[in-house]
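S.K.: Annotations for this protein, taken from Swiss-Prot, read as follows:
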TRANSMEM  93-113  transmembrane segment
MOTIF     178-183  motif 'HXXXXD motif'
DOMAIN    457-492  domain 'EF-hand 2'
BINDING   470, 472, 474, 476, 481  Ca(2+) 1 binding site
BINDING   506, 508, 510, 512, 517  Ca(2+) 2 binding site
């Protein structure tokens with residue numbers, strides 16, 4: 001060993017033939033890649049020629065495999081104190097019951113007075129496309145004062161504020177994280193903004209009338225036309241200083257405040273300056289978030305607290321650069337980063353669609369419903385799978401009878417897809433089982449299905465499969481033709497097994513399989529395209 005000296009490195013560099021990875025950090029005005037890895041890291045599972053095609057049952061569609069992602073370990077919709085626990089909380093609840101009755105009376109009286117004032121302000125007002133006249137806005141001050149009384153009745157005797165709201169002409173759009181139903185009440189009192197809300201809110205008793213006075217922009221989250229119209233209205237009202245400022249909750253639903261989920265882009269497409277606002281609910285014994293807890297239960301718990309803490313922080317206005325004005329995604333990322341940093345929480349790819357999956361799993365009485373969330377924003381970005389399609393995939397997965405941990409084993413998987421054990425069906429399962437543990441999760445099932453579904457050759461292959469099965473060319477596949485077509489991929493099929501597969505592929509259940517039937521079924525069960533693989537590799 002050489003004698004040590006002060007100038008020699010402690011760890012000697014060893015030469016390597018492997019290329020170094022150069023990481024370039026992009027600032028806000030650079031391209032959208034964020035991090036550029038040069039040279040690109042090559043996945044050893046991709047492009048392995050004939051060996052890959054042999055192992056991959058979908059090699060005739062693509063040489064790639066679905067991305068490997070870890071399990072979703074966080075539930076952003078979980079209320080951490082759904083019930084009364086501990087002696088302190090029980091004693092406090094009993095002591096506060098008389099206070100709760102007084103608060104309930106104050107709540108009802110404030111709601112009634114605010115509702116009547118709003119009805120008066122709206123009486124005879126027909127021109128809803130223009131800003132509300134000033135004298136009507138002055139009447140709405142009665143409703144705003146009533147909303148402060150409502151906050152008081154819920155235990156928010158004082159609310160800590162940090163920073164100040166920017167003037168409307170500086171930041172016409174305000175965005176905030178969304179934890180409870182309390183924030184809209186607070187913002188109505190504090191800012192009296194125009195909000196963007198779901199169409200379903202219009203039918204709520206009392207509340208629907210009040211938000212109509214805010215010249216609410218309604219949106220149906222499942223309608224692309226409705227979303228486009230909402231963006232147009234946001235642009236129109238943000239560009240006119242006579243309208244109130246606009247308030248949006250870009251998460252699209254409430255969370256527990258422990259993470260920040262993906263943002264919808266409606267607030268960022270217009271390209272106007274945005275003021276982010278952060279809301280916190282510091283607590284020890286009572287989580288005030290509106291997650292997996294009913295509204296009535298949450299209201300009762302609020303009524304029976306001595307005081308509920310709430311903090312509102314107005315962050316500096318975000319002025320979009322010229323590139324960000326043209327790129328809503330970058331502006332959204334910059335805003336969400338500012339809010340997440342202030343909250344000191346991580347950002348996830350969950351979205352409202354994950355809440356739909358969670359509610360669906362709860363309705364189906366599945367154990368641990370949070371196992372079925374998949375971070376749908378990433379799924380939609382990678383595979384363009386909609387929330388409704390994801391719920392249909394969940395129905396298929398549930399038919400495989402997952403265990404308490406949300407996992408499905410081979411025999412249950414095969415039964416759910418009407419397959420029998422054979423080399424091909426096992427390779428299909430192994431294609432999904434990226435962890436190689438002998439069981440699959442819903443997230444893995446969805447990613448594999450979405451990966452196959454979005455391959456450029458998928459539709460063409462489905463059409464070729466129909467032509468191959470329709471031996472007599474009459475436009476329909478008979479049960480005999482199906483059995484003949486499958487005998488090479490799934491050998492030794494008996495009549496009952498062929499009949500089960502035929503029933504699955506007959507989408508409209510009219511006892512014959514048309515091309516539309518097959519295409520529709522394979523869109524809902526894209527993994528089944530592998531059983532039509534022989535002689536279908538398009539050139």
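Quick reminder: no glycine exception, Cβ is built from N, Cα and C everywhere.
Fair warning: this is a prediction, and the values are worked out from it, not measured in the lab.
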S.K.: Quick check: of the binding-site residues listed here (508, 510, 512, 517), which one has the Cα closest to that of residue 474 (Ca(2+) 1 binding site)?
M.R.: 512
S.K.: So which one is it: of the binding-site residues 508, 517, which has the fewest other Cβ atoms within 10 Å?
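M.R.: Output over binding-site residues 508, 517: least Cβ neighbours within 10 Å is 508.
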S.K.: Name the one residue among 472, 476, 481 whose Cα is closest in three-dimensional space to that of residue 508 (Ca(2+) 2 binding site); these are the binding-site residues.
M.R.: 476
S.K.: Counting other Cβ atoms within 10 Å, pick out the least crowded of the binding-site residues 481, 506, 510.
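M.R.: Result for the binding-site residues 481, 506, 510: minimum number of other Cβ atoms within 10 Å at 510.
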S.K.: Among all protein chains shown, how many Cβ atoms are found within 10 Å of the Cβ of residue 476 (Ca(2+) 1 binding site), not counting that one?
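M.R.: Result for residue 476 (Ca(2+) 1 binding site): 17 neighbouring Cβ atoms inside 10 Å.
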S.K.: Radius 10 Å, atoms counted are CB only; among the binding-site residues 470, 472, 474, which position scores highest?
M.R.: 470
S.K.: For the recorded Ca(2+) 2 site, enumerate neighbouring residues of the same chain (Cβ within 8 Å of the Cβ centroid of 506, 508, 510, 512, 517, site residues themselves excluded), in sequence order.
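M.R.: In sequence order, the nearby non-listed residues are 507, 509, 511, 513, 514.
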S.K.: Within the chain of residue 512 (Ca(2+) 2 binding site), which residues six or more apart in sequence place their C-beta under 8 angstroms from its C-beta?
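M.R.: Long-range Cβ contacts: 476, 477, 478, 506.
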S.K.: Other residues with Cβ within 8 Å of the Cβ centroid of 470, 472, 474, 476, 481 at the Ca(2+) 1 site?
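M.R.: These residues sit around the Ca(2+) 1 site: 469, 471, 473, 475, 477, 478.
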S.K.: Whole-number answer please: how many Å between the C-alpha atoms of residue 481 (Ca(2+) 1 binding site) and residue 510 (Ca(2+) 2 binding site)?
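M.R.: Answer for this pair: 16 Å between alpha carbons.
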S.K.: What are the helix, strand and coil residue counts for the motif 'HXXXXD motif' (178-183) according to DSSP?
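M.R.: So the motif 'HXXXXD motif' (178-183) is made up of 2 helix, 0 strand, 4 coil.
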S.K.: According to DSSP, how is the domain 'EF-hand 2' (457-492) divided among helix, strand and coil residues?
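M.R.: Looking at the domain 'EF-hand 2' (457-492) with DSSP, the answer is 20 helix, 1 strand, 15 coil.
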S.K.: Summarise the model confidence on the domain 'EF-hand 2' (457-492) as a single mean pLDDT, whole number.
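M.R.: Average per-residue pLDDT within the domain 'EF-hand 2' (457-492): 88.
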S.K.: What three-state class does DSSP give residue 506 (Ca(2+) 2 binding site)?
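M.R.: SS state of residue 506 (Ca(2+) 2 binding site) = coil.
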S.K.: Please report the Cα separation of residue 472 (Ca(2+) 1 binding site) and residue 510 (Ca(2+) 2 binding site) in Å, rounded to an integer.
M.R.: 19
